[in-house]
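A.B. asks: Swiss-Prot feature annotations, pasted as is:
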MOD_RES   S2  N-acetylserine
MOD_RES   K33  N6-acetyllysine
MOD_RES   K241  N6-acetyllysine
MOD_RES   K361  N6-acetyllysine
COMPBIAS  362-375  compositional bias 'Low complexity'
MOD_RES   K377  N6-acetyllysine
REGION    410-650  region 'Interaction with EXO1'
COMPBIAS  443-457  compositional bias 'Polar residues'
MOD_RES   S477  phosphoserine
Amino acid sequence: MSFVAGVIRRLDETVVNRIAAGEVIQRPANAIKEMIENCLDAKSTSIQVIVKEGGLKLIQIQDNGTGIRKEDLDIVCERFTTSKLQSFEDLASISTYGFRGEALASISHVAHVTITTKTADGKCAYRASYSDGKLKAPPKPCAGNQGTQITVEDLFYNIATRRKALKNPSEEYGKILEVVGRYSVHNAGISFSVKKQGETVADVRTLPNASTVDNIRSIFGNAVSRELIEIGCEDKTLAFKMNGYISNANYSVKKCIFLLFINHRLVESTSLRKAIETVYAAYLPKNTHPFLYLSLEISPQNVDVNVHPTKHEVHFLHEESILERVQQHIESKLLGSNSSRMYFTQTLLPGLAGPSGEMVKSTTSLTSSSTSGSSDKVYAHQMVRTDSREQKLDAFLQPLSKPLSSQPQAIVTEDKTDISSGRARQQDEEMLELPAPAEVAAKNQSLEGDTTKGTSEMSEKRGPTSSNPRKRHREDSDVEMVEDDSRKEMTAACTPRRRIINLTSVLSLQEEINEQGHEVLREMLHNHSFVGCVNPQWALAQHQTKLYLLNTTKLSEELFYQILIYDFANFGVLRLSEPAPLFDLAMLALDSPESGWTEEDGPKEGLAEYIVEFLKKKAEMLADYFSLEIDEEGNLIGLPLLIDNYVPPLEGLPIFILRLATEVNWDEEKECFESLSKECAMFYSIRKQYISEESTLSGQQSEVPGSIPNSWKWTVEHIVYKALRSHILPPKHFTEDGNILQLANLPDLYKVFERC
C-alpha cells in the first residue's frame, strides 16, 4: 500500500466565503441579531422585524437610523468593510457592536439581500440588491423613510444540509422572539416590534418611552416583573460596573432565564450563571431557577471581543474576582429581601368606598410556597387586550377650529415689569388671546333659545417660546418662591419656579381633597384606555377587563377644582384679544332664563352696575390668586390657564361673571376660595349645553371617514382625559352617585357568549 501525498489547492473564493458565512450565520436568529446590532450602531430609536416561515423564507428589518451613504452601497456587503474600525488597536477601545464587517457579507453569501436606505441629507432613498457580497446592479433611487430597510430572502438557499437541519419554522421563530426580546429589555427607550408577515398584531412590541421593568413585563410577564430586585455595584479597582434586575425569593421557574450583556453585547457566561445559581440554591425550591438580567460594563481594554465568530462569547481580565464581587452583591440583595412574601388580592372596582385591590404583605412568610411562573397563565376571558400607554396619531392632528372672530387669534408672549413698585415683576409670559367680547355676546344671545350652538373655537399659532413659561414673580408675606419638579406635564404648576402657599385655608382644602380621595378610582383613571365619547356629557373607557361609562362633565369639573386648589396662585393667563366689558356680560347673563331674574330683583342695568363695581373691588385678589384679570374700566382682560391648550367654553362666560358676584361667599377666607374655585371649575368643565352635537343628528354620523373629528371630541380625549390620568384624585362619592358606572366585564361576557 502506497501513501501518496495529497495536493494542496487554494480553495475558490466563493467556497471560502460560504464556509465563513456558515460560521457567522448559523440560523435566522443569528442574522437578526447581527442586523439589530447594526441598527443600534446607527442610532436607531425604532426597529421593526417581519419574518416568514421562521425567517427562512423572509426576514425584513427596518430602522430609522442614520442610513447608508449612496457611495458606500457598492462595498457594504463585501467582507471586512466597516465604518466602526480602522486599525487592530481600535479593538482595545471598541464601543460599537460590529467591528469585523462580516455580518452583511455573510448573509449575502447564503441569501438574497436587498437594501433600501436613506440618509438625513439625501433627497431620496436608494435600493440595491446583492449576491455573494457583490452588487447585482447600480443602486436605484426610490421613495423611502429616513433609515435602512434590509430584506433577506431564501436564507441558506445554497446550503441544503443547513436548510434541512432548520426545518421547524416555529422553533426558529421562537429563537427570533427570544433574541429581540432580550435586546429590547437592555435597550429601554428604543421601540422594538416583531411579527409574522401578514399578521396585524406583533408578538413582541415595546414602546419608546417604556422603562426596563416595563419591557420585562411585556416580554416575560407580570409574574416576574412584580418580583424584581434592582441591583447595581461598581468596583474601580477591577474597573467594572454592574446593574440590572433579578427575581427575589418569591419567583422561580423550571429553566433559568439569564440575560447577560457585557459592554452592551448579548453574550453567554456559564461560569457567571453557575455562580449566581449557587446563591439562589439557598432560597429557591429544588430544581427551580431565577430570572436574571445583568449588564456589566468593563473597561474596554480589559475585554477581548474577538474570540468567537458569532460574538456570543467574550473574555475579560480579572474574571474570577469580578464573578466573586457580583456573587457577593446578589447575595446581599437576596438576604435583605427574604423577610417577606407577597400576595395579591383583587376586588370589584368601584364597588367599595374604600381602597381595595391593594397588595397585601405578610412578614411571617418564610414557610409560604413560592410563586411559580407556570401558574400565571392568562386565559382568554381574563386577557387585557389594550395598553393604556399607547398613543394615537389623532393626538398629533389637532382639528382646525373655526374662530369666533374674523381676526386670527394667536398665543403671544409678554414680558412686563412693574417699575413703580420698585421690584421687577415678570408676569404672564405666556398669554393666549381669546375672542373679542362682541363675538361672545353674539354667541350667547343665540344660546337663549332651545337651539344649542357649538363651543367657541379658536385657531392658535405658537409664538416665540419663553425661557420661563407662565412664570410669575411675586413677593408676598404668605408665599415664597421655590423650585418645583412635580406635576410637570399638564397644569400651570409646570413652571421652573412656583409660589409655595402658606395660607391655612388653602392647605385645609388640599387636605380635604386627600381625605376624600379614592385610590382605586385614581388607579383606574391613571391606567384607563379611552374608548370614545357617547355625547359631550358621557364617555366610555376601559380598565383591565372592564368597560366604564364616565361622566365627563363631573370629572372635568372635579379636575379643574383640584387644579385650582393645588396650583393656587400659580396660573398663567388666557389673554382676551379685546377687553370684555363686565357690564355687557352681566346684562347678557341677566337676559338669560338661567339667571332666574325677576322684576322684583330690580332693573337689570342697576344690577349689572353693582356687579361691575363689586368685582372691581375684588380685582387685585382675583388677579393675584386666580389670574382672573379685570382692568380699572371694569373690563375682563384675562382668564386663568389651567391646562395647556385648553380654552373654556366662552358661551358660559356671562353666567360665570354673574355667579362670581352672587354665589361666592366673600366673607370667610376658606369658604371664599372654595366656592370661587368651584364656580371657576364649573365654567371650565365640559358642558353639554355649550356643545353642538352635529355628528349625532338623527342618529347618524356626519363625519366622513378620514376627516378630522369634531374638535370637542378631540379636546375631551387628548386634553381632558389625558389630564385625568395624572391630575385628579377622584372623591369617594363618585362610586355611589353614578358618575362612574361599570357597563361590562369580560369574564361575565364570556359566561353569556362563550367567546370574545
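Each residue's number is its place along the chain shown, starting with 1.
Cβ from N, Cα, C; glycine included.
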A.B. asks: Can you tell me how far the Cα of K33 (N6-acetyllysine) sits from the Cα of K241 (N6-acetyllysine), in Å?
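C.D. replies: Roughly 25 Å, rounded to the nearest whole number.
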A.B. asks: Long-range same-chain neighbours of K241 (N6-acetyllysine), Cβ under 8 Å, sequence gap at least 6?
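C.D. replies: Expected: G232, C233, E234, D235, L296, E297.
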A.B. asks: Please classify the secondary structure at K241 (N6-acetyllysine) using three-state DSSP.
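C.D. replies: Note: K241 (N6-acetyllysine) is in a strand by DSSP.
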A.B. asks: Is it possible to get the count of other C-beta atoms within 10 angstroms of the C-beta of K33 (N6-acetyllysine)?
C.D. replies: 24
